[in-house]
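Input: a single structure, listed below in structure tokens.
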Amino acid sequence: MTNPRMSMYSLASEAPGGNRGTGQQSTQVSTTTLLNAIHNIYLSAQPYRLDAGTSTVVNTWLTASQTGPNGSIGGTVDASLGASAWEHARRRAEDGCIVLGSLHESTPSVLAPFLSSLPMSTPSSLYKALDAIQPFLRCSTPYNPSTPRQAALGVTLTINLAGNLTAASIALSQGGIDTTKGLMNIPSEAGYRAFDVFYYLLTSASTPAEREFLGLKPASQYALLARSGTYDPPSYLPTADDAAAAEDFRTALKEIGIKGASHRSFISTLAGLLKLGNTLDYNVDEDVLEDVCEDVSGLLGMEPEVLMKQCTTEDRSTFVGGLYEALVDWVITKANVAIAAQMARIKDGAESLDGRGVRTPTSNEEGEDTVCISVIEIPNPTLGKALALRGIFDDSMGINSEMIADGIEVPATGSSVLREMQNAVAEVAPDLGISSTPASRERQHELEKREEILEKIGLSADDDGFIKQLLFPVAGEGINLGTHSRLDLPALLASSRVWYHLSLHPTDDSPASLAALPSVTSAWSAGTVSRQLRAWRLPEWANRRNKNLDFTADFDVEEFVQRYSALGCKDGRDGIETWLLERGWSNGEVIVGKERVWMRESAWWEAESMLDLKPLNNLPGVGNMMAVNQLESGYSNNGSGYFPGQVILDDHSGSNGVVNHQRNFSHGNMSQATFNQNPVAAPSIAPTRMTGMTGMRNVAVGDYGLGHKGDTHKGAVYYNEDGEFIGPLDPELANGKQIETKSLPMKRRVWVFIVWAFTWWIPSPLLRYVGRMKRPDVRMAWREKLVLCFFIFLMNALIVFWIVAFGRLLCPNFDKAYSQKEVDTHQGQSDFWVSIHGKVYDISKFWKQQHSDQDIETTRENMLPLAGMNLDDYFVAPLPLTCPGLDIEDTFRLDLNNTLEFQIADHTSGYYQPNPATKLRAADWYSKRFEPRIKEYFHGDLVWSKGTVRKQGENDGRQWVIYDDKIYDLTNYFYTQKRLKNLGGSNFLNEKLINVIKQNPGADVTDQWNDILERAAGNATENQSAQNSMNCIRNTFYKGITDFRETPRCTVNNWLLLAFSIMLCAVILLKFVSALQFGSKRRPSPQDKFVICQVPAYTEGEESLRKALDSLTALQYDNKRKLICVICDGVIVGQGNDRPTPKIVLDILGVDPKIDPPALAFKSVGTGSEQLNYGKVYSGLYEFEGNVVPYLVVVKVGKESEQSKTKPGNRGKRDSQILLMSFLNRVHHRSPMNPLELEMFHQINNIIGVDPELYEYLFMVDADTSVREDSLNRLVAACANDGKIAGICGETALQNDEKTWWTMIQVYEYFISHHLAKAFESLFGSVTCLPGCFTMYRLRTADKGKPLIISDGVIQEYSVCDVDTLHKKNLLALGEDRYLTTLMTKHFPFMSYKFIPDAYCQTAAPESWSVLLSQRRRWINSTMHNLFELMQLKEMCGFCCFSMRFVVFIDLFGTIILPATCVYLGYLIYLVSSGTGQFPLISIIMLAAVYGLQALIFILKRQWQHIGWMIIYILAFPIYSFVLPIYSFWNQDNFSWGNTRIVIGEKGNKQIVAVDDEGYDPRSVPLQRWDDYAQANQLPGRRGGYPEKYEGEYQDQYEMDEMKSVYSSVRQGSVITGMQNRQNPYMPPQSPALFGTPSPGHMTRHSTMTGAGPFADPHLAHRQSMASMGAHDIQRTQSPYADYPTRSMGNLHGHASNPSLMGGNRSSTALGFAGGNRAAEASSSTFDFQRGLAGPDDGMIVEAIRTVLMEVDLDTVTKKQVRALVEQRLQSELVGERRTFMDRQIDHELANM
């Protein structure tokens, strides 16, 4: 090896040429990366290295109670972190501190498990001490069955430089214990308990003598314990038993020396505190107080007056808390004494634990150097967060300030992170020793007050009593509680090298719910874990540390030279730098500062490993680090018992020595698509169908490194055993016609049955040959259309029939009956009505004629006064003529009860006519001349209401009655009798009949008269008299008939119509009221939410496009927070355009015409092969009127086979919407993306400079719409004020309103549809149609961040490809915008969908009849089908009839009956104009009210111009309500059906056949996660680069004028096109991980200390020495940082990454090194490193097969499933010979079982 820079010791030497950068970690860690990694390590019970000094684990009480992968219990811990701290401490002779932080209040303690994982033996007394101490510190809460209440608990382990433990101690921090929440004032909610020790005291484990002495009662009798009412431990715990725990507790107390007298004093004090708690109520009774104090004083050894008289209630409360804390300090002191005693016995050899552990020989030198490793448990997430953030991000203190002072470039921390750190520190300032804050001063005041109270009570206690021992532990020092034997946490962290072990909790669910889960790791909430990651700023943490500050070792220059001189390092800075170059450490692995040398962990351990290879006599000593008894200790040359010495393969040493060395590679979350191939050669997908892709694994395998089974909503694929696609996305492949049969839903089956039931009589051959409908699905759609049109026609006919004819059927002569009041209204010259003897006559054509043969002229003056009158008294028939058989003389006549007002109109005929010359003189004039002539003008019957008849008969003396519904008025008859006194023949009528009238005036006498007539029938004379009298009454006294129009038969229809009219009017009125929104326009404050302005472009012209883009650019909204996203739906030349629409868009935006980015594959909404589409992405900045806004243009260009077609790439507006929605969905879920989406992400994230996940709103604007400047801000402000708003729209007006007649008739419709319909719906928060031309949707909920419009459910239903029925066609092909609103309402019924009139835009309306006809056909049909869908939704707001469901029904019904409405209006016009029927007053009033209220709306809004538009609209009403609906209904099936999928039968099942279509194979669109893709291509923006992405405000990361489009300006390395000549990226150096057999000096050593505590590995009771690990698998590294398969140097051609970032840094714990081969165990971990491109060898495959076969149920599993499980275990896709070998070996293993 001639080039020293290619040293075998440096991983950098294996990176191919090219720039190496600065050594910073290139991988950008994001929340998604961490979330995915942590989910995987949670499932596999593994830790995750965030950086070299930080590890994360996920634990619950359930996982902590299970046996881990290495056989230990207590939860997952990272043993390698402890090993790293141990190595640094002993090798560097520096103190270390391991912080066990908790990110969630529910995480279990890992203190004991972590201690047991350290690479040293620990005394059993340490674990017993923890068992004894923990009940004092922990209590049960609803969120954690064992919640620690201390600020921090530390275990300090003192080791010598050989790594042996020499001392151990336990201490609380000066923050003490939270006695308030743990004892004094526990929450009063169920589930909370006080400290466990009190319940142990009260259990039956106490002896009867103790209970009698202490006077213990049930827990409910103690105020301190009874607050929550919870006295038992959580029942979901498998070991929830206070009695058993109390027994273990008492045993632990004995082990640490608390027994006998000290135990009695101890429990007396506990009981005294418990009882004293009953005196802390301010309202306690005096007698109770005295009794309790008397009892307690005896237990505590003091006078009762001290507690009762000298102490207030507050003093006693302070005393209880302070004494308890002092008691805990005393227990800890006793524990430390016990630990020290055992350590002394071990050192003296006086104690051996009978081989239960390996004995660790200790040094006999008294003055040997020692260092301390402190393990600090900080259970409070707030305190832990403050300490951690300050240590990582605060550059003014700690190691960060030292590096800055030494000249190391430390990037400034983001302001949002600093703010969060400062807020966290301020919250716990007292615990950090910061005394300048109000909280600190308050804490100090409380401590001083506590000290005074404790001193007062303590001095009054017995001199030799236990209380004085507790309160005055050091004689002469007074009260020193909180300082004596406590840890100074800030000072400890400042003086030690800090390592972080962070515990996360997977869910916010209660611990009780975990017990019911199907598996230990079923509990998972990505939101919960993500919140913890973001709260602690772990992505920024990882990026900051790994890129710049991940130095774990630092030396003085002289110290560095002395340490590594044996490896060739020369004196001085120049010598060091030269040596670093020889090692290949020129990329930031080691940095030489002004005075110190800083090393990353990998470089440091590489150097230390090389030292281990050197002979003993060549090693320099550093102080006393190399003790004389090193070989005796069994450690390696460099003193390492954890890393065995390495075998040198030749005689050379130094940089040219050849060592069998391996490399560690991590794939983390990377897919196989990037791992197994050149990770830099990004795919450039041409618009053609490809079988493979550069940089991607061959798609024939079909899983893209993600497995055969993917996300069902994001590109799921399924394959059979031969690798052929069999999934549900599309059954058609390019292998001819295939038939697919699938069952139909019941609704569809019923509908098909109905269609055939109505259209069976139409033969299909007729449709096929005459109608030219060759396809069955087209014929079926025609039949469906016919049935729908029939139903629509039937409904319209029923409506017209109901309104017009139904009432007449029920009441035939309804319009032939008139009351006298109605007759009185007809008094015009051409409307001359009169009533005569119960009949109504219209003599309008008669009265002007000269009909008198006397001297009376027929003039207006004479005739018009008679109009509308009752003329009974003017036309009196002679009695002999009308009453034959009654012997009435010709000279007799009845006198009139009334005086004639107009004498000239008197038509007396017969004998009493005084003028002999007139024809009236004739006795038969009335019957022969008058009656025949007047019948010509008969118009109807005169009707009287029964109430009128009764009232006038009873009250007014009118002698009339009702007989057979006819009215007879005999008033003149009785008047004549009265005047003649019954003489002169005035009694000519039957007396019995007359008596009935006298007795019942105004009544119905039908029964009485019939009775008389029946009786008279037996007597001929009587019968003759009665019949003649009845005949006379009918002829002479007939007055009319009863008003039958008042009967139920005639009124029921009117009442029904009136009821519906009232409901409609109520809706109209409510709509009117909702539209009355007065007041000045509110001016919301400027908003700062990120918004994507989506503009789908199809065939619009340049003027429309420019208006739309300019209006969006000029919006009064932060330019950096809006993104214009134009999606061109195909390369299409619109009518009137001279170039394709995409070219117009790019020309407007100023994109360089030379730019031609690659076409990238994505899945479109289409059928068959049309699902495969290609698109191009452009980005840059657009400037208009000083506004510079970023834009993104996506052009759908189609496949190569489409280029000869007229519309390549065109898939419809819905596909354009889905393209962006799907992209944002995958951004939200961090899901694998297709190539087009990856490029979009890159352009937005890295070129434009905004993380796509920051966008919160999607603003949809059509390409022919211009938006007013303030509209977007108003929409966003409305959403910001109401977090329930999921969609919102504004008013859309016309910008070409005066262009043509066809635009004019639309102006008023647009206005009123918004201000009446949408304003009304907005009241309910349920706007049923958010127009696609001007609508904004919220992407995710404001509270929990759940996706809304980008949710899986909405996208899945909106992106349906099989649009094969008439209903689906109308929903998805015509009214996609309305259907999108329907889907949003369906999936999120409790969200609001609003309309605000203040937001305003203008759009271009159709200017020609043909375009208007086409538009309204789509609108009307889609409205009808969408409203039908809405009717089926269950969750619709409202109550009673006034619900949205009712309104939707009204709208649906109104749409369907539009033609009926027009016909009825025409009928009304005819009635009014012709006068052929009754005047429709109510209908006219309703119409006037409807349009009057509409007019009132724009009048009140001062929109005067709409008066004219309203008139034009009314004139065009027949077009809107008749022509357009009829045309639309009949053209429901007018679609372009295509020929890809043909429905050939729907008789219970549906069959689909592919015709001339190659089909869509999902493998043609590979999917890959952004983080993996970005890492593989060395791209920035791996989801963690912007601190504003998490909590806090957005920090602008760029200046707008500095942003360059990747295509419109300088060509950059696109993520998709890649760089043809790029080599593998630089790989940060890793540990060489040397291995070999042990040196002769390596011997098995035995220790008298053991980790056999409750958390130790039960399988490793006889644990081997760390020096005996040389027998490990030859393919395993033996670094403390990893234990994973490695490979030889010859295979190092793939991309490697820092394992701490990508999840590969997964070492087995120290407890897991039992020697032997652990290949199977390692391969089972998701985070074990792969063997690179070489793949797993035969042995690994065989081992994986055997493991899988042992785990599965052979009776149910298939070979395919076994193969998948084996590949999953191997984390590799086996192909070719490897696959064949696997299949053969599976068969072999099955045969041998």
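Think of each number as a place in line: the chain as shown, counted from 1.
Quick reminder: no glycine exception, Cβ is built from N, Cα and C everywhere.
What you are looking at is a predicted structure, and each value in this text was computed from that prediction instead of being measured.
Confidence across the domain 'Cytochrome b5 heme-binding' (815-877), taken as the mean pLDDT and rounded to a whole number, stands at 87. For 815-877, the entry in Swiss-Prot reads domain 'Cytochrome b5 heme-binding', with the evidence type sequence analysis.
Summarised by DSSP class, the composition of the domain 'DEK-C' (1735-1791) is 41 helix, 0 strand, 16 coil. Taken from Swiss-Prot, the feature domain 'DEK-C' applies to 1735-1791.
Summarising the annotation, Swiss-Prot assigns N-linked glycosylation site to Asn70 (among others) and lists sequence analysis as the type of evidence.
Summarising the annotation, Swiss-Prot assigns N-linked glycosylation site to Asn164 (among others).
The annotation N-linked glycosylation site is assigned in Swiss-Prot to Asn638 (among others).
According to Swiss-Prot, the N-linked glycosylation site annotation covers Asn664 (among others), on the basis of sequence analysis.
Per Swiss-Prot, N-linked glycosylation site is recorded for Asn669 (among others), and the stated evidence type is sequence analysis.
Among the features that Swiss-Prot reports, N-linked glycosylation site is placed at Asn897 (among others), with the record citing sequence analysis. When secondary structure is read from DSSP and collapsed to three states, Asn897 (N-linked glycosylation site) falls in the coil class.
Summarising the annotation, Swiss-Prot assigns N-linked glycosylation site to Asn1019 (among others) and lists sequence analysis as the type of evidence. Counting only same-chain residues six or more apart in sequence, none has a Cβ lying under 8 angstroms from the Cβ of Asn1019 (N-linked glycosylation site).
The 10 Å shell around the Cβ of Asn1023 (N-linked glycosylation site) contains 15 further Cβ atoms across the protein chains shown. Positions annotated as N-linked glycosylation site by Swiss-Prot, on the basis of sequence analysis: Asn1023 (among others).
DSSP assigns Asn1421 (N-linked glycosylation site) to a helix. What Swiss-Prot records for Asn1421 (among others) is N-linked glycosylation site, and it gives sequence analysis as the kind of evidence.
The secondary structure of Asn1534 (N-linked glycosylation site), as reduced to three states from DSSP, is coil rather than helix or strand. When Cβ atoms from all protein chains are considered, those within 10 Å of Asn1534 (N-linked glycosylation site) total 16, not counting its own. According to Swiss-Prot, the N-linked glycosylation site annotation covers Asn1534 (among others), on the basis of sequence analysis.
If you look up Swiss-Prot, you'll see Asn1705 (among others) marked as N-linked glycosylation site.
The feature region 'Disordered' is assigned by Swiss-Prot to 1-28.
Annotated transmembrane segment per Swiss-Prot: 750-770 (among others), in sequence order, evidence recorded as sequence analysis.
Using a Cβ-Cβ cut-off under 8 Å and counting only residues 6 or more beyond its ends in the same chain, the transmembrane segment (786-806) has close neighbours at 754-755, 758-759, 762, 1053, 1057, 1366, 1456-1457, 1459-1460, 1463-1464, 1467, 1529-1530, 1532. Per Swiss-Prot, the feature transmembrane segment maps to 786-806 (among others); the stated evidence is sequence analysis.
Highest Cβ contact count with the transmembrane segment (1479-1499) among the listed stretches 750-770, 1056-1076, 1452-1472, 1507-1527 falls to 1056-1076 (criterion: pairs under 8 Å).
Comparing C-alpha positions, Asn1421 (N-linked glycosylation site) sits nearest to Asn1534 among the glycosylation sites Asn164, Asn897, Asn1023, Asn1534. Most buried of the glycosylation sites Asn164, Asn897, Asn1421, judged by other Cβ atoms within 10 Å, is Asn1421. When Cβ-Cβ distances below 8 Å are used as the criterion, the transmembrane segment (1452-1472) is approached by residues 792, 795-797, 799-800, 803-804, 1420, 1423-1424, 1427-1428, 1430-1431, 1478-1480, 1483-1484, 1487, 1517-1518, 1520-1522, 1525-1526 of the same chain, each at least six residues removed from its ends. Sequence-distant contacts of the transmembrane segment (750-770) (same chain, at least 6 residues past either end, Cβ-Cβ under 8 Å): 744, 776, 779-780, 782-784, 786-787, 790, 1546-1547. Across the structure, Asn164 (N-linked glycosylation site) and Asn1534 (N-linked glycosylation site) are spaced 87 Å apart at their Cα atoms. Here the C-alpha separation of Asn1023 (N-linked glycosylation site) and Asn897 (N-linked glycosylation site) works out to 30 Å.
Break the domain 'Cytochrome b5 heme-binding' (815-877) down by DSSP state and the numbers are 17 helix, 16 strand, 30 coil.
You'll find the Cα of Asn897 (N-linked glycosylation site) roughly 77 Å from the Cα of Asn1534 (N-linked glycosylation site).
Asn1023 (N-linked glycosylation site) falls within a helix when secondary structure is assigned with DSSP.
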